[in-house]
Amino acid sequence: MITTWPAPAKLNLFLYITGRRPDGYHDLQTLFQFLDYGDTLTIETNQSGTLRLLSPLDGVPDDDNLIIRAAKLLREQAQKHSTLPANAGANLAVTKRLPMGGGLGGGSSNAATVLVALNHLWQTGFSLHQLAAFGLQLGADVPVFVQGFAAFAEGVGERLMPVSPPEKWYLVMHPGVSIATPLVFNDPLLTRNTPRREISALLSAEFRNDCEAVVRNRFREVEQLVSWLLEYAPSRLTGTGACVFAEFDTESAARQVFELAPAGLQGFIAQGVNISPLHRTLSEQ
């Protein structure tokens with residue numbers, strides 16, 4: 001049977017870097033919220049013993065694609081626990097709407113959707129907590145997509161506390177550049193010593209992203225986009241970019257600004273949601 005699963009985008013409503021670890025990773029405080037917009041995965045399980053990606057990405061070998069890596073990891077863990085036969089296989093395809101290097105979590109969301117969906121379809125019986133631990137091996141943002149609730153995150157982003165920020169409307173714009181996360185985190189000018197604060201203080205303060213200054217300095221396209229959006233609404237970078245979002249109370253207000261966007265800029269309008277569309281789909285299975 002062929003099933004279809006959402007792989008939603010996320011926004012970092014704020015992102016603060018509170019330190020750098022000896023292993024090079026950074027300690028963060030960030031607020032994740034999902035969007036009702038993203039990629040779509042189509043999954044067909046079978047008894048072929050093979051995992052096939054029917055929609056390869058240009059320049060990304062299948063074995064490096066997070067979709068295949070997630071499927072292999074789940075299969076290995078399930079077979080280690082004797083909850084899956086050796087001939088378990090699947091055909092997987094993704095319809096991409098989220099840009100690579102956009103700060104929307106597209107690859108991590110794809111991986112999380114594979115873990116959650118195949119755990120259900122293969123009936124491997126892992127808990128969301130176990131799946132999130134597997135996901136952390138694939139990327140720091142994978143656990144929040146697996147757990148499926150808007151969250152305040154600490155550590156490298158893996159320690160999650162459920163929160164319920166307002167479900168606002170967002171205009172998300174892409175400046176036409178792709179930004180690799182290591183480029184930003186290795187920048188010598190990046191702020192790495194923002195004081196750690198309690199969640200109550202963070203939620204009552206103005207939201208910021210510590211990566212934004214570095215990205216705006218390095219990428220003229222991002223600087224111009226943020227400056228333009230700030231004329232209309234509170235706006236900032238998500239993740240390490242490149243996407244920038246502006247927040248609105250209504251869809252119509254977001255659409256009015258979108259219609260004024262300079263020619264050639266790509267973007268979309270979506271609502272923030274505190275329960276992932278992936279988990280809404282899972283609950284309907």
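Positions of Cβ are set from backbone N, Cα and C atoms, glycine also.
Database features, via Swiss-Prot:
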type	residues	note
ACT_SITE	K10	active site
BINDING	P99, M100, G101, G102, G103, L104, G105, G106, G107, S108, S109	ATP binding site
ACT_SITE	D141	active site
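Here the features listed in Swiss-Prot are placed on the structure.
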residue : record           : Cβ contacts under 8 Å, 6 or more apart
K10     : active site      : F32, Q33, F34, L35, L104, G105, S109, D141, V144, F145, T238
P99     : ATP binding site : G106, H174, S178, A242, C243, Q266
G101    : ATP binding site : V177, S178, I179, A180, G241, A242
G103    : ATP binding site : N12, I179, L237, T238, G239, T240, G241, A242, C243
G107    : ATP binding site : L66, M100, G139
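In sequence order, A9, L98, G239 are the same-chain residues whose CB sits within 8 A of the CB centroid of P99, M100, G101, G102, G103, L104, G105, G106, G107, S108, S109, the residues recorded for ATP being left out.
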